[in-house]
């Protein structure tokens with residue numbers, strides 16, 4: 001109303017309060033412009049899909065101006081520019097642009113449909129997309145969020161804790177069938193129980209770590225939440241990584257044995273596969289509820305096992321997750337192999 005306004009004030013990192021203040025007669029709270037040509041998108045309605053699937057981002061016209069264009073853009077603040085345009089169309093023709101253009105099309109379910117369809121979704125496709133109706137000085141736009149359903153996993157170098165620059169963290173995630181997680185992906189993982197004391201790089205160049213159960217070694221008595229160090233020097237500062245992956249087109253299986261790392265690779269090749277990546281194992285745990293109480297080699301030289309039904313003799317931790325033995329000596333003959341094909 002003209003009597004009150006709402007003030008948001010940061011009290012702690014990632015902790016906010018909403019305070020109602022009476023007696024204010026200003027006008028800095030501007031109501032969003034009412035759309036004339038485009039339908040308002042549903043509030044908080046993300047489009048959710050998994051890697052490899054197709055997704056349609058809705059954009060519906062109320063009415064069509066005589067001369068107009070529709071421009072679809074992916075909103076990537078860290079890479080703003082012409083390359084983010086995906087497609088420009090009108091009632092008669094369209095033109096694709098950028099990296100997403102070859103996988104983009106217009107479903108045209110009806111004459112007022114300006115929606116965008118993306119096929120073969122990739123990990124990096126998640127984010128915010130803008131549908132903009134270009135009509136002289138009466139331009140309008142709506143924003144749609146595409147969320148890739150997946151799982152976040154912490155990852156460190158075999159050489160120890162806090163060894164990655166930002167570029168090295170990006171490359172490490174890619175080698176494990178993943179991509180650096182966004183803040184939103186880490187936040188969602190925290191709400192699902194991810195509790196990790198080591199700080200790691202995120203996609204936007206900031207460094208965070210999620211805490212569900214506060215303890216002295218992890219920030220003391222601070223409240224649960226996403227702890228943050230803010231933006232760090234991408235070329236000089238070193239941390240771990242938080243990687244994000246989604247469903248895969250293959251499957252993970254276990255080969256029993258007491259293998260060295262090299263022998264584990266041979267065992268998988270005899271099965272017609274190869275040693276699984278860390279992302280493969282997390283994907284199988286998340287999407288196929290893969291549960292195995294046996295430690296097995298993975299391609300990065302680590303030994304892990306996935307637990308969907310926690311029990312005392314399988315790590316003794318009450319939460320489901322992928323357990324790790326770290327990076328044992330590769331000549332150790334103690335573990336089986338997790339294979340992917």
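Placed from the backbone N, Cα and C atoms, the Cβ positions cover glycine too.
According to TrEMBL, the protein carries these features:
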DISULFID  197-218  disulfide bond
DISULFID  293-314  disulfide bond
DOMAIN    32-145  domain 'Ig-like'
DOMAIN    151-245  domain 'Link'
DOMAIN    246-341  domain 'Link'
**Fill in**
Whole-Å Cα distance, residue 197 (disulfide bond) to residue 293 (disulfide bond), is 24
**Prompt:** What are the DSSP helix/strand/coil residue counts across the domain 'Link' (246-341)?
**Reply:** 20 helix, 27 strand, 49 coil
**Item:** Tertiary neighbours of residue 314 (disulfide bond) (same chain, Cβ under 8 Å, six or more apart)
**Value:** 293, 305, 307, 323
**Asked** How does the model score the domain 'Link' (246-341) in terms of mean pLDDT?
**Response** 96
**Complete:** Comparing local Cβ density (other Cβ atoms within 10 Å) for the disulfide-bonded residues 197, 218, 293 points to 218
**Within the domain 'Link' (151-245), residues counted as helix, strand or coil by DSSP** = 22 helix, 32 strand, 41 coil
**Request:** Sort the residues of the domain 'Ig-like' (32-145) into helix, strand and coil with DSSP and give the three counts.
**Result:** 12 helix, 44 strand, 58 coil
